[in-house]
Amino acid sequence: MKKIYLICSLAVFLGIAGGISFFLIRDTNAAIPADVTLINQNGDPYQFGKDKTKLKLIEFIYTHCPDVCPTTTQKMVKLKNDLVEKGVFGKNIEFVTITIDPYRDTPEILQGYRQGFGIKDDKNWVFLTGEKQNMKNSQKEIRKVTDAMQFQYKDPGNGQFIHSTFTYLVDENNKFVAKFPMGNEFKEQEVYDKIIDKIK
């Protein structure tokens, strides 16, 4: 009986370990396709493979989100200020906020979201959505990014999305570096340290 118990326990352990290993390996090799193109808050195209000189901190949101999304954005504002003071924001790192609700979150809506947080409208923090005239394709483009980062989301039908709660740091080639919790668990100092360490 003990032998059977030990075998079962070992099988469960190996299964869990294998699952963890699977996700770690996927994270390590994850990269956003260079040809993914979305529209920024000014209605201009943004292609992920165009600039290979900066790290990117990627945040997924929808502007109707009542909690973790705006909380994360607010914390990222503080992080941005620290990176500006260090002299690396815009030079070595940019922020990319992507809506998972492109039908409602038009460029105009994202402009309002940006303004609400007092974020400067420049190319160093972009807010991305889909192209109204080709929304189905834009949704696929957004999915390419979320799938690469293993960020999951779903609209249950009431407009209040169920989604993963992580932000992602990628390197100059859009390859996964690290992920950080959203909301109140987003620790600015931890993210700052990781960014500075990666820049060195």
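Note that Cβ sites are derived from N, Cα and C of the backbone, with glycine treated the same way.
Feature annotations, courtesy of TrEMBL:
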DOMAIN    27-200  domain 'Thioredoxin'
BINDING   Cys65, Cys69, His163  Cu cation binding site
DISULFID  Cys65-Cys69  disulfide bond
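The highest number of surrounding Cβ atoms within 10 Å, among the binding-site residues Cys65, Cys69, is found at Cys69.
In the predicted structure, the domain 'Thioredoxin' (27-200) carries a mean pLDDT of 96.
The Cu cation site, placed at the center of the C-beta atoms of Cys65, Cys69, His163, has further neighbours from the same chain whose C-beta lies within 8 angstroms: Phe60, Ile61, Tyr62, Asp67, Val68, Ile100, Phe161, Met182.
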